[in-house]
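Q: Following this message is one structure expressed as C-alpha cells.
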Amino acid sequence: MTLSRIAPYLQATPLTAILAAFLVLPIATIVMVSFWDYDSIQIFPAFVFTNYEESLTSPVTWSTYLNTLKYTVIVWAVTLLIGFWVAYYLAFHIRSATMQMVLFLVCTIPFLTSNIIRMISWIPFLGRNGLLNQTLMTMGLIDRPLEFLLFSDFAVVLAMVHLYTLFMVTPIFNTLMRIDRALIEAARDAGANGFQILTNVIIPLAKPGIAIGSIFVVTLVMGDFITVRFMSGGQSASVGLMMANQIALLQYPAAAANAVILLVLVLLLVGAILRIVNIRKEL
Amino acid sequence: MSKKTTDRAGSVAAKGVSRRQLLKGVAAAGGLAAGAGAVTGFPTIWAQNPITLRQFGTGVSNLNAIAEKCKADLGITLQMTALDSDAVSQRVVTQANSFDIADIEYWICKKVFAAGTLQPMDVKKIKYYDQIVPIFTTGKLTPTSTIAQGTAPSTVGFVEGPESKTFAKAPTEWMTLIPTIYNADTLGIRPDLVGRPIKNWKDILDPAFKGKTSILNIPSIGIMDAAMICESAGIIKYGDKGNMTKAEIDVTIDFLIKTKKAGQFRAFWKTFDESVNLMASGEVVIQSMWSPAVAAVRSKGIPCVYQPLEEGYRAWGGGLGIAKHLKGAQLDAAYEYINWYLSGWVGAYLNRQGYYSAVLSTAEKNMSPDEWAFWMLGQPAKTDILSPEGKVMYTAGAVRDGGSFEQRMGAVACWNSVMDEDRYMVRRWNEFIAA
C-alpha cells in the first residue's frame, strides 16, 4: 500500500470524523432514545414502541403534521412566486453587474438583524391596536380592527414568508445568472414570445435553483417552532412546537420519536424534490 | 497554621476567586470549622473563607437584591440562575451536581423529589421552624380551615426520614422544602375595557369578550385555571381539581377545545412578558395572570386589576431545597442561608412585592406599620406604597386587590399540582393547543 492509495482516505477523514461526531452520532442517539420509556421525571433504557404508537395513533399528531404541511405548502408556493420574480428581475432587467450585486446585497439587509427580532416586530404592527389597524381605521377603510391579522395562520405564514423568501431568491438568482443569454436570443429568433421563452427556456433552466431553494424553505418550515408559537399566539401547533412541549415536560423519548418521524418525512420530501430535478446534473 | 490558612483564604476572597482557589478555600473552611473552637458564629467564617452556593429556580424569587444582601450579611455568594418551571424540573432531575440550592415549586417537588437529587432538611436546624405559616406544616391556615385541593404544600413538605423519598402525611423532622414565597392567583382584568363587574371565573367565557381572553399554556397550571372556569360555569364538579380522573380531564379539555373553536381566546401565553404585553396592548381584557405581571401592566400607567373571584384562588408556593451532594461546610452554609432567609429581611422584601413570605413574624419587624397594614391586613394605604426598588406602586388611600392575608390565602380553592394522570393530561392539553 503506497501513500498515494491512502491519501484519499486521509483527505476524507476530517470530514468523516466531523460528520460522524456531530451528525451521525446525535441522530443515532435520538433514534435510540425514541425507543426508551419514560415517566414524569425520568427516562429509562428500554425497547418499546409506545412512543411511536402514541404518536402515530393520536389524531393530534396527524392534525399537527397536516397543519405543518399546510404551512409548508403555502409558504413554499408564496416564497417561490416572490423569490422567482425578484431573482428574475435582478438577473434579466438589471443590466449592470455592479447594480445587480448592489441590489442583491440590499435583499440581504434584513438578515443583519436576528430572525426572532424580525418576526416579533410584526406583532406591534399587526395587533388589534397596532400600526396597520390604526392606519386603516384613520383612513376610514375599516370601522373595527381586523382581528385575523395577528395570532392567526395568516400571521404565521406572513412571518415565514418574510423570513424565508431570501432562501429562495439566492439559489434561483444564481441559476438565472448562468443561463446563456444566447439561448434567449435564439428562442426569440425562432419566434417565441416572452411567455414561451419563460416557460420553455428560463424555467426549465432555473429548475436546480428552484429545487435548492425549495429544499431550504421546506426544511426550515417543517422544523420551525418559534414562529408558529409567537405569531399564532400559541393557538396553532407545528411538529417542532409539539416536540418542544414534550421536551419541556421531560418526555424526551416521545420527542425523539417525533423527531425521527419528522426526519423521515422531510427526507422523503427532499427525496421527492431531487427526483424531479437532478441538481447535480444541471448545476 | 490555622492562622496562615485564614490569611491566604482571606486575601483570595478580596481578589475574586477562581474555581480552584474556591475549592481550596472551602476545604480550608471545613478544616477551620472542625479545628478551631475559638471561632464564634458562622458569619465570620464565611466572610473569611468564601462559600458559593449555586441556586437556581423560577424568576419570581431569584432576585439579585437577595443575593447582594446575603453576601453583605453572611458573606455567602449566591449564584442565581432563573429558569422556567419546566427547565427547573429538568435540571433537578438530570443535572444533580449543577446546583446546591433548588428554588422550586411544591408541585415540582412532588414530581422530582423521588429522583433522589435533593436531601430532606433537619427541622431542628431551622431556627424559625415553629413560626412558619401553618399552611406549610399542618396545611391549615387556621385550626378550623380545610386543606385546599391540588398539591397542597403540606402534603409534600415532609418525608419520613433523612433517606426517605416517601412524603409523610403529617409533619416530621425532615422537611423537603423550606417555603420561600407563595401567593394566591386569580384572573387579571382591564377594568377600563371589560365594562362590567367581574365576579366569577366563568366571566372569562362571556361572549362579550370573544377573542379578547387568554389562558396560560403551561399545562400543569393552565389545567387548573381551566378547572376553575369549568366548575364555575357548571360544566362539571370535580372530585379533586388537583388530581383529576381521565373522565374529568376529557370533559375539561373537550370544553376548552369547543371554546377555542368558537374563537373565545385571543392567544395562549407561556411567559410572564407575553402576558404583560397581551394585557398592556389591549389584545386581551381578561386572562390568567400572575401578580407581578399585573403590577408590570400597572407600572405602564395602564389600569389592571387582579380580580378576586367568588370561587376562590388558585394558589402556588415555592421553597428552597438542598442538593443531595451538599455536605460539610457547604451544607452548614446552606442551613445558615435558609435561616437568614427566614429571619425577616427577605420576607419583608417579598411581602412588599405582593407575595407572601414563610415566616410572617420576622417579616413584620422589617416592614413599616403602614406597609404591614397595606400588604398583610388589606387596609387602605396611609402613605404611598413603594416597591422594594423605591418606585411608587400604590398611592395613599389605595387598597390591595383581594384584601388581607387571611382573606386571600384563606380563600384558596386549589394549589398548583401534578396529577396522577399527568401524562394523559399533557397529551390532551397538547390536543387542545393543536385543535
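Positions of Cβ are set from backbone N, Cα and C atoms, glycine also.
Pasting the feature list from TrEMBL:
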- A:65-273: domain 'ABC transmembrane type-1' (DOMAIN)
- A:12-36: transmembrane segment (TRANSMEM)
- A:71-90: transmembrane segment (TRANSMEM)
- A:102-126: transmembrane segment (TRANSMEM)
- A:146-169: transmembrane segment (TRANSMEM)
- A:252-277: transmembrane segment (TRANSMEM)
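Have a look at these and tell me how they're positioned relative to everything else.
A: When Cβ-Cβ distances below 8 Å are used as the criterion, the transmembrane segment (A:12-36) is approached by residues 43-49, 51-52, 252-253, 256-257, 259-260, 263 of the same chain, each at least six residues removed from its ends.
Only residues 6 or more beyond the boundaries of the transmembrane segment (A:71-90), in the same chain, are considered here, and those with a CB under 8 A from a CB of the stretch are 100, 103-104, 107, 153, 156-157, 160-161, 164-169, 172-173, 176, 202, 206, 209-210, 213-214, 217-218, 221-222, 224, 228, 238.
Same-chain residues lying 6+ beyond the ends of the transmembrane segment (A:102-126) with a Cβ under 8 Å from its Cβ atoms: 86, 90, 94, 132-133, 149-150, 155, 158-159, 162-163, 166, 169, 173, 226-227, 230-231.
Within the chain carrying the transmembrane segment (A:146-169), a Cβ under 8 angstroms from the stretch's Cβ atoms is held by residues 70-71, 74-75, 78-80, 82-84, 86-87, 90, 107-108, 110-111, 115, 118-119, 122-123, 126-128, 130, 132-133, 136, 210, 213-214, 216-217, 220-221, 224, 227-228, 230-233, 235-236, all 6 or more beyond its ends.
Sequence-distant contacts of the transmembrane segment (A:252-277) (same chain, at least 6 residues past either end, Cβ-Cβ under 8 Å): 27, 30-31, 33-38, 43, 51-52, 54-56, 61, 65, 207-208, 210-211, 214-215, 218-219, 222-223, 239-240, 242-243, 246.
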